[in-house]
Every structure is written in structure tokens, then in C-alpha cells.
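Structure record follows, encoded as C-alpha cells.
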Amino acid sequence: MLTHEGSYDDQGGSENGYQNSARGFDRPNQNVFDLSMDYSDDEVLLDWEQYSGMRKYRACGCEWNWLIRCLHVPTTPPEWWYRYSRRQRHILLGLIASAVALAITLIVLVVVVATHGGLSHFALGGSDAANDVLPVPEDAMCNWTQWRLPEAVRPEQYWLRLTPQLQPPYRVDGTVKIDFHLANAQRCIVLSAAGLDITSIRLSTQQQMPASVVYNEDLGQATIKFGQEVNPLMTAHTLQLGFNYNLSDGLSGFYQSVYTGADEQDHLLATTQFEANAARKAFPCFDEPAFKAEFEVTLVVPENLTALSNMPQQSASTEGLGEGLVARTFMHTPPMSSYLLAFIVGNLTSVSGTVPAYTAAGQSAADAGPSRPVSVWGTPGKEESLREALDIAKKVLPAYEGLLKVPFALPKLDLVAIPDFAAGAMENWGLITYRETALLLDPEQAGISDKRYVASVVAHEMAHQWFGNLVTMGYWGELWLNEGFATYFEDLGATAARPDYLYKEYFFDEKETAAFEADALTTSNHPLATPGLDSDDAIEAMFDGISYDKGGSILRMLHAYLNDTIEYTSGDTFLAGLTQYLQMNEFGSVTSEKLWQALQASTTLNIPDMMHVWTYQQGAPLLSVTLRGSDVLVSQ
């Protein structure tokens, strides 16, 4: 702020008290002191503005008169300015200042809306930078050649409707509506799509706008090009796409699983496997972990078949459909990654039970809510082989809730044995799929090793319902945040279900030894957190002993260090930090640093600094032990 001071000589009130030069007065023809004035009027007596020649301009403790002179800034107000009284001039200055402040505020708001697509999208990001909508130059979006999707578009919600045929040619017809936010004006939108044909495009906010699609099969992407620029909105845009493809005969995407029934005939069910990046084979989407959104799924299927998805069915309708078909619509999911979406259609049978609602500290069971159904599914004739897994799941779920103090986020849990399945199991949220050998147990023939294996795999996938589903790694380079936790916690969950199987006692032999072996490899070794993955092969390579066994071993090590024991006790520092980690980041995506920061809050130790080298450096510390007489020297 500029200030001005008069250089008044306080030796009396004569006109000699000031240097009376022509340039010394704002009003040169007026006496400095007019004896006709009423000097009891403070406004007249203290109107120092008339002495502009003696004015000093100061700001931040410095005089700026030289700058005023160099810039030729006028320092004398125009004559009309003095037609108003001092009070009136103050009012005018206040109005002018208010108008300038209002104009600046409006300009800032316009810039925010223009660059961020309105204000509503900020609710998506919270404090997680991975969820922010970042501008991308318009031309760059139309000519996109990068492995990762641009961050200028963020999905908010999907409405997916699929009609699969379970007989040749196994065609799937689908529509998807995607609510999304734009960071800045774009003529193109890039999303994930592989092996499907987009047949129609419609943008809800731009009626009759011409649009086309260009596929990049190498990247598994489709670029939607509009006939005119699409501008950000205060609310979301809705993109509606029609598409079709055939059920895959492989083991990823939406695929055919063939099995031989009790009638010795081949039967087919349709199921999904989307991890790591195969959701794009089933519908156009933003197929990266950090692009979390809600999903509403509708499956149009034969009435006599079972249809399952992540959430419970909320409605069924035959209106407008062919004979024998029904549209089964499932409840909205919470915000989740596309690779965790799942749906299954086929002739299935199940055994079911319930688990009481989680009761928080100080909460009565009556206030906790309804019990949650837990079901285990398989092909017809295998009901008895499903009961062991059901009993395990019913014990593991409340055990994890009790340890973590965070309830299971969905209203039901299904575990499904799939006849043709590439992995051991997949943690789809609320609809976990398993290879049959990892879920089914023949009560007459199963040995202890089989029972031990099934309990471990069930507990591993259920641990993912918190670590990976509720809180997800931002990208596949930090897969260990999913798999390391599931590897460590599977022993805790399996022990809750089958305490006689000594899971925790075998951790070192079964997992930590495997971690050292993986860490000793020279060609495939990598740090826990590995940035820069830019291919399918690089992502698949992360599903290894480093992400699983080393990740779990490091968590076990840190837990023991923080508590001086590997046992879980009341007041457990490690568990307290994990509870905060889950609560702070629920329905979001994270990096390793978010985990270490959350654990930091529960201890006086500097966890981020301590764990940085374990996270970003491959290998393990080498300790040398030397015996010198009665002394033992340890060096690293």
C-alpha cells in the first residue's frame, strides 16, 4: 500500500512553513492557508492532498518517488476531483475499489470454470492427486499415442447393459452410458477398447453432433472424435456408446467357460476375468485402476439361468424382450476400478449362510444393521463340495473386520468356482471367482494339504476386499499394495477359520524364503514400487514373488518392529495405522507414500524415511557377521 506524507515545518502556521513553489500545490492559484476558512473544519485543515509536490510515496519501508517519476504517473488529480468534498471522494474511492475487486473475482471464476470443467469435479479428487482432472492440450488428445490414458477425462458413473448369447456365434450386444468430467475443452476423447466394434456414439449435451471412432489396437484404445469442440460443464457429460463383440474363447475379458455336466454333456457359462487390463475387451471404459467410478450393470439373459454381479440384484424385467429373456439389473456399486467389475451367467447352484453386521466399539448389535449373505457357487451337482469354503468365508469375514475396525463395504459376498480359470482366484469386489481346485473340497477325499490350500486362497482373496478393492494402488507399478497385504493377511484370516493349520508358524518357510529367492534373481528382479510400466508384458511381470512374498514379508517385518512381536495385541500400533490408512483412503487410489504416512500417524518413528529404501530399492540388505574372540561384529 502506498502512503504519502507532508514535509510540514511545525514552526508556526505561516505560508513560509512550506516551500512555496509553483509545483508545490495541487491547486496553484489557491493560498495554502486561507484565513477565510473555518479552521475548526478538520476536513479542510487536514486536506494534505493539496501539497502534491511534497508527497512521498512509500511501500514496504521504501520510497518509490523515483519509480513514479520514471513511469510518468500523474500525481495531481484533475480539477473536477476537488468539486467533491473529502467525504464524497472517500465514497467514490470505495465504490471504485469494490468494483475492481468484483471484476477480479469474476475473472478468477471464469478461469477456474474454463480450465477445470466446473466446480463439481473437485469432489472426485479430494486430497488424492491421483484423482485430479488434469488439462490436456486439445490436439494431443486427438493424436494420442501413449500407453496410459490422458487425465483430462474422468469417469464418474457407468450404466452398462449387456445381452450375451450362450450359443454360436456367442455374440454380445451392449450399450454403455458414461458420466464423465472434462478438465478443458476437447474435440476428442480417448478411452480403452479392445476387440470390440463401437456402432453408435451419442453425447447427451451435444445433440446431433457428428462423431467417429479411431482404434489403436496396439494400445487397446479408441479415440472418439467429435464434429465440434466439447466444453467443460458444471455437471457431467454423458457419453452413450453402442457396441458388440463375441464372447472370448480365451480366459480373459467376457469369456466362455465350458464344463462337462453330470449328464456327460458339455455346458457353457459366461464369466469375466478383467485383471489387469481386460475390462476393455468387454465394454468401452477407462481401464486403469485410478479411474474409479460407480457401475450399474444390467444383464439380459435367459430366465432359467443364474446371473451374478458385484452387487445384489435390484430388479428384473421382461418388458420389450424376446420370449424367455429377462433383464436383471444390479444395484449401483461404490466407486471402484474397472478391473474389479465382474458378471457371470450360467446354470449354477449354491450354498449360503449369513454373517452378522459389523459392530463398532460402543455400538449395539441392534444398531449395526442387517446380516450379510455369504454364498458359495458352483456348477450343478457340486453342492457338498462347496460347504467347506462357505464355513471358512463366514469366519474370515468377521475376523478381518475385527482386526481392521473397518466393515466390509458391500451388502453381500459371493464366491464362485469357475471350471475354466487361468489364475488361482480373482478378488472381484463382492463376486470372487476361483479355479475349482482352489474352492471345492470333497468332504470324503480331501486331505489336510487340500483343506489348508483352500482356506489360504479364500482368505487371500477376501483380504483384497479391503486391500485392493476398498483402497487401490494408483497403477500396476505398486501392485504390492494389493498383493503384499493379501499375502500377509491371508495367514491371519485362515488362522481365524482353521487355527490348527499353523499358518503363521509357516510364514517364513513358505513366503519369506520365496521372497529371498525372487529377490536374488538378476533378470526379473525389481523394487516393490516400479514406475513407468508401459506394456501388457511389463504389467503381467509385476505379478511375481516380489509383489506377493517380499511385499508380505516387509509388512510382517514392519509389524514386528513397531510392536516388538509378530502377534496382534490390544493397542497394536501397526493395526491402528492400517485402520487410519483404510479410512482416509476408502474408495480411492494410493501410492506407497500414503501407506507410510498413515502408519507414521500411529508412532513417533519416521516411517516414510525408514521404508523409502525398502520400497524403491531392489534386493535386501547384506549383513556380515564376524567373530573376533568373544566379540561379534555385525556390519552392513
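Going from the start of the chain as shown, residues are counted 1 onward.
Cβ coordinates are placed from backbone N, Cα and C, and glycine is handled just like the others.
Features as listed in TrEMBL:
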type: COMPBIAS; residues: 16-26; note: compositional bias 'Polar residues'
type: TRANSMEM; residues: 91-114; note: transmembrane segment
type: DOMAIN; residues: 389-614; note: domain 'Peptidase M1 membrane alanine aminopeptidase'
type: BINDING; residues: His460, His464, Glu483; note: Zn(2+) binding site
type: ACT_SITE; residues: Glu461; note: active site, proton acceptor
type: SITE; residues: Tyr548; note: site 'Transition state stabilizer'
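Here the features listed in TrEMBL are placed on the structure.
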residue: His460; record: Zn(2+) binding site; contacts (Cβ under 8 Å, 6+ apart): Ala425, Ala486, Thr487, Phe489, Glu490, Gly493
residue: Glu461; record: active site, proton acceptor; contacts (Cβ under 8 Å, 6+ apart): Leu415, Ala425, Met426, Glu427, Ile432, Tyr434, Ala486
residue: His464; record: Zn(2+) binding site; contacts (Cβ under 8 Å, 6+ apart): Glu427, Asn482, Ala486
residue: Glu483; record: Zn(2+) binding site; contacts (Cβ under 8 Å, 6+ apart): Gly468, Phe543, Ser547, Tyr548, Gly551, Gly552
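Taking all protein chains in view, 24 other C-beta atoms sit within 10 angstroms of the C-beta of Tyr548 (site 'Transition state stabilizer'). Same-chain residues with CB within 8 A of the center of the His460, His464, Glu483 CB atoms, the Zn(2+) site residues themselves not counted, are Glu427, Glu461, Ala463, Phe467, Gly468, Asn482, Phe485, Ala486, Thr487, Glu490, Tyr548.
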